[in-house]
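Below: the structure, in structure tokens.
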Amino acid sequence: MAAITHYLYLCQFSWMLIQSVNFWYVLVMNDEHTERRYLLFFLLSWGLPSLVVILLIVILKGIYHQSMAQIYGLIHGDLCFIPNIYAALFTAALVPLMCLVVVFVVFIHAYQVKPQWKAYDDVFRGRTNAAEIPLILYLFALISMAWLWGGLHMAYRQFWMLVLFVIFNSLKVLVSVSAIMNLVKAARREAP
């Protein structure tokens with residue numbers, strides 16, 4: 001169960017990384033035909049996290065002869081995740097931080113060339129990029145903040161950190177549902 005949770009946790013940051021690479025092509029490189037790279041994007045965004053989880057299991061089982069209960073075991077006696085602090089820091093903290101650094105670099109560079117893309121509707125048809133890009137960045141920030149508080153709760157077991165984790169996850173759901181509903185409304189308005 002912890003391996004699946006770890007995989008899905010890493011998938012969120014991997015998707016942010018791949019989406020920012022897609023935005024690099026669309027916003028900075030003016031490539032409006034990124035759909036030809038969708039298969040590669042899907043393979044990378046689902047494959048990179050599985051590679052990290054598989055490498056963690058293979059290295060800790062093969063080299064350090066640990067069992068699955070030692071690789072993904074109980075933290076503080078009640079949470080099932082990675083009890084080895086070094087493995088947790090490398091695979092659950094460093095990998096998402098590297099993804100976030102790439103996201104920040106891409107969007108800083110994209111905002112340096114904002115006049116060339118802000119009036120177009122490359123991201124979502126019918127709405128300008130200047131309106132959509134900040135919403136995507138807010139969603140990325142909500143995902144990052146939710147998992148920051150989730151990780152801090154696992155490390156320090158403070159109830160208020162768990163409350164903040166739940167609040168940020170709820171905000172993430174609200175933002176996602178409202179964005180989807182806005183797209184549905186826009187599609188209905190355009191339909192004859």
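Glycine is treated like the rest: Cβ placed from N, Cα and C.
Unlike curated records, TrEMBL annotations are generated automatically.
Helix, strand and coil residue tallies for the domain 'G-protein coupled receptors family 2 profile 2' (1-108), in that order: 84 helix, 6 strand, 18 coil [DSSP]. Under the heading domain 'G-protein coupled receptors family 2 profile 2', TrEMBL lists 1-108.
The transmembrane segment annotation in TrEMBL covers 6-27 (among others).
Residues or ranges marked as transmembrane segment in TrEMBL: 39-64 (among others). Counting same-chain residues at least six beyond the ends of the transmembrane segment (39-64), those with a Cβ under 8 angstroms from any Cβ of the stretch are 3, 6-8, 10-11, 14-15, 17-18, 21-22, 70-71, 82, 84, 87, 91, 95.
The transmembrane segment annotation in TrEMBL covers 84-108 (among others).
With a cut-off of 8 Å between Cβ atoms, the residues of this chain six or more beyond the transmembrane segment (135-156) that come close are 9, 12-13, 16, 19, 23, 75, 79, 81, 92-93, 96, 100, 103, 107, 123, 162, 164-165, 168-169, 171-172, 175-176, 179. Here TrEMBL flags 135-156 (among others) as transmembrane segment.
As annotated by TrEMBL, transmembrane segment applies to 162-184 (among others).
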